[in-house]
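**Student:** Okay, so Swiss-Prot annotates it like this:
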- 25: active site, schiff-base intermediate with substrate (ACT_SITE)
- 25: pyruvic acid (Ser) (MOD_RES)
- 57, 73, 74, 75: substrate binding site (BINDING)
- 58: active site, proton donor (ACT_SITE)
């Protein structure tokens, strides 16, 4: 049996812009992707901390160091620039491995600069 678990999360990301006319997706700074163990085209679940809205989309890699979190297409209707969101990816894992699996958590500041990074259940690593 396989179970669906949190794989990684960018916590407290701030939406920097939106492009309603784009085909869809969320553009994320490539440095943040690397730190959070996320990859381009990966499906994400986003939660808007300002209004409670939840939406799914996929990742587009943004420019390294830009600290960009841009919502594209219909997702741009779900959060406005300045809104704080949580970006999560999930993985299917064999049930016998699930108890030892540890998701990666990246916490960013209000400018999307990485603050801390850790595996769930392990000590924070300030960045």
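Glycine is treated like the rest: Cβ placed from N, Cα and C.
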**Student:** Please work out the number of neighbouring Cβ atoms within 10 Å of the Cβ of the residue listed as 'active site, proton donor', leaving out its own Cβ.
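**Tutor:** The answer is 14 other Cβ atoms.
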**Student:** Judged by the number of other CB atoms within 10 angstroms, which among 74, 75 is the least packed of the binding-site residues?
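**Tutor:** With the binding-site residues 74, 75, fewest surrounding Cβ atoms within 10 Å: 74.
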**Student:** What other residues of the same chain, not counting 57, 73, 74, 75, have a CB atom within 8 A of the CB centroid of the substrate site?
**Tutor:** 24, 25, 26, 55, 71, 72, 76, 77, 78
**Student:** May I ask which residues of the same chain, at least 6 positions away in sequence, place their Cβ under 8 angstroms from the Cβ of residue 73 (substrate binding site)?
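**Tutor:** Once residues fewer than 6 apart are set aside, residue 73 (substrate binding site) is near 19, 20, 21, 22, 23, 24, 25, 57.
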**Student:** Under a three-state reduction of DSSP output, how is residue 75 (substrate binding site) classified: helix, strand, or coil?
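**Tutor:** The residue in question, residue 75 (substrate binding site), is helix (DSSP, three-state).
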**Student:** Pairwise over 57, 73, 74, 75, annotated as binding substrate, what's the top Cα to Cα distance to the nearest Å?
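**Tutor:** Max Cα-Cα spread across the substrate binders: 10 Å.
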**Student:** How long is the line from the C-alpha of residue 75 (substrate binding site) to the C-alpha of residue 58 (active site, proton donor), rounded to the nearest angstrom?
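**Tutor:** Residue 58 (active site, proton donor) has its Cα 10 Å from the Cα of residue 75 (substrate binding site).
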**Student:** To the nearest whole angstrom, what is the C-alpha distance linking the residue listed as 'active site, proton donor' and residue 74 (substrate binding site)?
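**Tutor:** Between the Cα atoms of the residue listed as 'active site, proton donor' and residue 74 (substrate binding site), the distance comes to 12 Å.
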**Student:** Around the residue listed as 'active site, schiff-base intermediate with substrate', how many other CB atoms lie within 10 A of its CB?
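**Tutor:** I count 21 other Cβ atoms within 10 Å of it.
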